[in-house]
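Reviewing the structure listed below.
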């Protein structure tokens, strides 16, 4: 038995972290959305055998227990005592270590896929709770729709569908370690924004105000470590984006535009300056 699941990239339209919990994990206050840049995850289950095997089309990902998709399969096997060998093939299109949630989305795809293959009949809410054991982005990726995400990532509140917009994603030729960036955060020194303004703009489906109130507090941290990130952000704005910012802990920067012609102009202008550039839509 096998199934293929789509694993969309995520973007942070808004990201703040007001404090760390006693266990060291950040408290998140985020607005996340999914785009049509996606990995494709084929999952095969062979009854009666045991083991987990991960294959990818890139050499940049581990294929052992460090891989989040592997962890997703192992957790479901152990929780529900399923005796089956799982073979996971990941066709990567989302850049690795980019702040786009590729690993978390792959893990969420495995949770959804095995839930179907094994007839577990678990709700998305239950899968999201399991996903939190893997990574803070997995609960959101289980749903893969625009949402307000709080806590350690476990509170996923669905929001209205965003107005139509084009998104230009630009990844420089560098990778950023999320644990390292999080370790550099000094919460009291960060300039925190108010999420209520962009939540209200989304509720009103006001594209202009959504652009006005976007923000990512971690730009202040990653930008200090990697100035190239802020240079790309400024270029995207100069080329005509209505708004631009870093996603997650970076280094990927994205810009939004209401017209495809302007978005294509931004893409063409970035070529030769930025390592990877994608033109995508919000799901």
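Glycine too: its Cβ is placed from the backbone N, Cα and C atoms.
Annotated active site per Swiss-Prot: 10, 137, in sequence order, evidence recorded as sequence analysis. Per Swiss-Prot, ATP binding site is recorded for 95, 96, 97, 98, 99, 100, 101, 102, 103, 104, 105, and the stated evidence type is sequence analysis.
The number of other Cβ atoms within 10 Å of the Cβ belonging to residue 137 (active site), over all protein chains shown, comes to 28. Counted over every protein chain shown, other Cβ atoms within 10 Å are most numerous around 101 among the binding-site residues 95, 101. Residue 10 (active site) has its Cα within 10 Å of the Cα of these recorded positions: 99, 105, 137, taken from 95, 99, 105, 137.
In the three-state DSSP assignment, the secondary structure recorded for residue 105 (ATP binding site) is helix. Straight-line distance linking the Cα atoms of residue 97 (ATP binding site) and residue 137 (active site), rounded to a whole number, equals 13 Å. Taking the centroid of the Cβ atoms of 95, 96, 97, 98, 99, 100, 101, 102, 103, 104, 105 as the ATP site, the other same-chain residues with Cβ within 8 Å of it are 9, 94, 248. Residue 137 (active site) falls outside any helix or strand according to DSSP and counts as coil. The DSSP secondary structure for residue 10 (active site) is strand.
Its own atom aside, the Cβ of residue 99 (ATP binding site) has 29 Cβ atoms within 10 angstroms in the protein chains shown. The Cβ of residue 103 (ATP binding site) has 61, 67, 68, 69, 96, 135 as same-chain neighbours under 8 Å, each 6 or more residues away in sequence.
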